[in-house]
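K.L.:
Starting off with a structure, shown below.
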Amino acid sequence: MVYQYVLGGVLVSLLGSVFFMIINSTLSGKNKAEDVSEDVNGNGFVRTQPANGGCLPEIEKSTDVVIVGAGVAGAALAYTLGKEGRRVHVIERDLSEPDRIVGELLQPGGYLKLIELGLEDCANESIDAQKVFGYALYKNGNDTKLSYPLENYSSDIAGRSFHNGRFIQRMRERVATLPNVTLEQGTVTTLLEEKGIIKGVMYKNKAGEEMRSYAPLTIVCDGCFSNLRRNLCTPKVDSPSCFVGLILENCDLPHANHGHVILGDPSPILFYPISSTEIRCLVDVPGTKVPSVANGDMAKYLKTVVAPQVPPQLLKAFLAAVEKGNIRTMQNKSMPATPLPTPGALLLGDSFNMRHPLTGGGMTVALSDIVLLRDLLRPLTDLTDAPALCEYLESFYTLRKPVSSTINTLAGALYKVFCASPDPARQEMRDACFDYLSLGGICSYGPVSLLSGLNPRPMHLFLHFFAVAVYGVGRLMIPFPTPQRMWLGTRLILGASGIIFPIIKGEGVRQMFFPATIPAYYRAPPPLENKLKAF
């Protein structure tokens with residue numbers, strides 16, 4: 001009996017020892033894992049532990065700013081901050097030349113910003129860029145020419161049109177000449193966050209290795225298809241239409257060095273030069289679906305619906321381009337800027353704010369934002385006090401409003417006015433807009449100065465928009481008002497209000513018209529004491 005107790009005691013001791021070793025091994029492994037672990041929080045950030053044990057290769061302590069994306073916004077920003085003496089690490093998914101059908105027209109206001117950034121030689125004859133002096137507007141066989149108000153500028157100031165990829169590659173070449181800027185091909189997967197502050201990014205380099213890059217400020221410029229914006233804003237993306245792109249070769253525009261806008265049915269058709277021998281055609285197709293290119297439905301649509309509306313001088317080249325078959329499509333997107341101020345990070349470019357590309361204002365907004373951000377960062381010698389920097393940069397969102405809200409609102413409003421509609425009131429508004437712009441003087445000078453980015457004043461836009469509506473109502477009252485005409489005029493005003501007020505609401509009424517009433521408007525750079533505490 002005694003032997004049974006002794007044997008039982010020995011077995012219990014052995015089992016207890018084994019159990020203790022298993023528990024100890026599990027807890028030890030868990031603690032080690034916690035030392036190097038990272039977990040994704042509810043916002044999609046990767047939360048890093050202070051002591052990460054160097055589990056991934058890092059680029060740290062030698063970078064002031066990490067920029068995600070090297071498109072128009074990212075490349076221009078990298079060059080600008082690099083010229084300011086910042087140490088910049090740019091990570092771009094694909095460094096080969098982009099091939100896009102938008103981002104090919106830079107308004108004069110945007111070209112002025114390009115000069116401020118020292119990048120004007122990226123949009124000159126070296127990429128066969130073409131000067132643009134205004135627009136020609138077509139409706140039902142009639143046309144009117146609208147010239148940019150450039151009388152007070154030097155002869156070099158005008159719009160520029162070009163191949164988007166050539167423009168971007170030239171800027172990337174300029175970025176690569178700066179010794180304090182690293183331009184790397186890689187795919188950023190996540191933002192690194194610690195205690196509510198963005199510390200950098202995790203990315204896969206060209207070889208497929210997972211890397212980290214740390215900096216006190218991360219600026220996300222990864223374009224309209226951004227996979228990082230959801231962490232830094234509340235995106236409300238609208239997809240009003242698609243662009244169908246063609247290139248017309250060896251033909252001349254009816255009005256040289258002008259963009260051409262045909263108020264077609266169901267929506268606008270654009271033509272503008274992108275080189276000395278090529279003209280870009282963009283056909284707007286409302287909605288999110290377009291006829292299939294693969295089965296020939298798109299070619300049929302272009303020949304039967306679009307071709308009859310093309311100016312005679314361009315028709316032969318248009319049909320030849322359709323027959324050639326190099327037809328491209330792209331979804332148009334618009335998204336108001338709705339930032340979530342986050343210490344250590346900032347959004348810029350199409351990842352932050354989009355508008356319908358009808359007016360070609362996207363690059364002007366991006367370059368204007370970059371000039372503003374450069375000037376805001378200029379007095380800061382140190383960026384490591386993330387909360388103070390975040391509070392200071394809230395002023396960026398207010399200070400950018402005159403330019404961005406003017407161009408955004410104009411793009412959204414013009415697209416809706418220029419589209420054909422079975423509603424007689426909307427059709428009257430469309431006709432009134434064409435005739436108003438054809439009047440000349442302030443009636444064409446004012447709207448075109450807004451479109452060009454040379455007059456970023458939201459109130460002027462608001463007044464001209466309703467001047468068109470009032471002009472349309474006035475025409476209905478001639479030779480004498482009737483109840484039917486008065487009712488149509490009332491619907492015209494209501495329709496105009498229904499177009500512009502939702503856009504203004506999305507931009508922010510106070511920020512758009514009364515920015516000086518917002519406290520951030522007066523926010524000063526973080527004081528020196530805050531900078532010293534960061535060390």
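Just so it is clear, glycine is given a Cβ too, placed from its N, Cα and C backbone atoms.
A TrEMBL annotation is a machine prediction, not a hand-curated record.
According to TrEMBL:
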type	residues	note
TRANSMEM	6-23	transmembrane segment
DOMAIN	64-94	domain 'FAD dependent oxidoreductase'
DOMAIN	215-487	domain 'Squalene epoxidase'
TRANSMEM	461-480	transmembrane segment
TRANSMEM	486-504	transmembrane segment
K.L.:
In the domain 'FAD dependent oxidoreductase' (64-94), how many residues does DSSP put in helix, strand and coil?
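P.N.:
In the domain 'FAD dependent oxidoreductase' (64-94), the DSSP-based counts are 12 helix, 9 strand, 10 coil.
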K.L.:
Take every residue in the domain 'FAD dependent oxidoreductase' (64-94), average their pLDDT values, and give the whole-number result.
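P.N.:
Within the domain 'FAD dependent oxidoreductase' (64-94), the model's average pLDDT equals 97.
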K.L.:
By a Cβ-Cβ criterion of under 8 Å, what residues six or more beyond either terminus of the transmembrane segment (461-480) are in contact with it?
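P.N.:
For the transmembrane segment (461-480), the far contacts come to 406, 409-410, 413, 417, 428-429, 431-433, 435-436, 443, 446-447, 450, 486, 488-489, 492-493, 496, 500, 504, 513.
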